Amino acid sequence: MDPLYNSTDCDPANETNVPVNCSNGFNQFIQPVWQITLWAVAYCSIVAVSVVGNVVVIWIILAHKRMRTVTNYFLVNLAFAEAAMSAFNTVINFVYAVHNEWYFGLAYCRFHNFFPIAAIFASIYSMAAIASDRYMAIIHPLQQRLSSTETCVMIGVIWMLALLLAFPQYYYSSTAVLPGRTVCYIDWPEYSTVDFKKIYYVCVTLLIYFLPLCIMGCAYTTVGFTLWASEIPGDTSEHYKEQLFAKRKVVKMMIVVVCTFAVCWLPYHIYFLLHQFFPDLFEQRYIQQVYLAVMWLAMSSTMYNPIIYYCLNSKFRAGFQQVFCCCAPTVAKEELELKSPRYLQTQVSTYRASRMETVVPTAVHPGETEQKRAELPSCAAHSQPHAEVTSNGLGSESKSPNSPQQ
């Protein structure tokens, strides 16, 4: 992912093919100081929000055992890729785009062109893996789910494929010293029959944007019809309703995450492809402003996910409150369900006790007055058959083990 294509794709060895801003010894794109300052604040804000937010997401999942699910392991991978790309590439992209001069050496030039493609690949295929997991869990619930080990193996495979896809960017990256400045560029090989650079960029765009979005679109469309198309029966248990609502919340959150990613990166990929097929457009002076806006929107995708998790998921919200809100850490910890199994058993016992208090005795033995019944010991009173008013408003008769069969 080149910071400014009309400077990084140049070939200093071939003066006839060098764009004007690559052959000149000065930067043809000059902005007033106030514009540079505003862009600097905007780009630094991405880094601050993205790194802090995604690191907190990783901590919430890995530090709390009950949060270590298959979906959340992929969210850890997504958060790591986005935090790393934001930390290592966002500010460098901005500096190079504004100054049009490379200050960071050959090694970082290669890393700078190589890592964003790998990180984007890892990010979007982590989202695709979550979509596939949600699809299997909801459409084929009886099939075996991924284990933690299998999930980690899949994450490793995603990164291996990401590194392979990005390797040409690393291999062909180079730096060159021009009159008055140094540039970081990609020295693509030239073939008489095929344009390797265009083929590679088109393949990258398909693999890290359009293909995974199509996969996720199909998966979430099917899952959405399954979860939302049918009405919940009136006599359905509360446990089933809670499970259904929980699944809907997770799917809704991931749909928002995917749509946000798609919107943020679409202008960049359009810019990417236009540069390959209409390079003359990128000799205009306004193109630097267009690039900075497009790159800011793409890089900003790394900071939205923690905000989405906070808004749409109560457990992540509790985790963020535990980190940032010193006023009520205990409440946040309880929401995350981080306490021991004994605490959970206590909660269940409390719930059962509260249910027992709602039992309304309505049936009495023939000839027994209300006064006599009130004088009976509590254990004797509970040994009589009675009707219990359940949470769904229906009455169900229960009997003592010692009561005679009728």
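Residue numbers in this text run from 1 along the chain shown.
Quick reminder: no glycine exception, Cβ is built from N, Cα and C everywhere.
As the structure is a computational prediction, the values presented were derived from the model and not from experiment.
Disulfide pairing as given by TrEMBL: among CYS109, CYS264, CYS311, CYS184 connects to CYS109.
Secondary structure from DSSP puts CYS184 (disulfide bond) in a beta strand. Summary: among the disulfide-bonded residues (CYS109, CYS184), the fewest other C-beta atoms within 10 A of the C-beta are counted at CYS109. Counting C-beta pairs under 8 angstroms (sequence separation of 6 or more), the transmembrane segment (290-312) reaches the transmembrane segment (36-62) with 3 or more such pairs.
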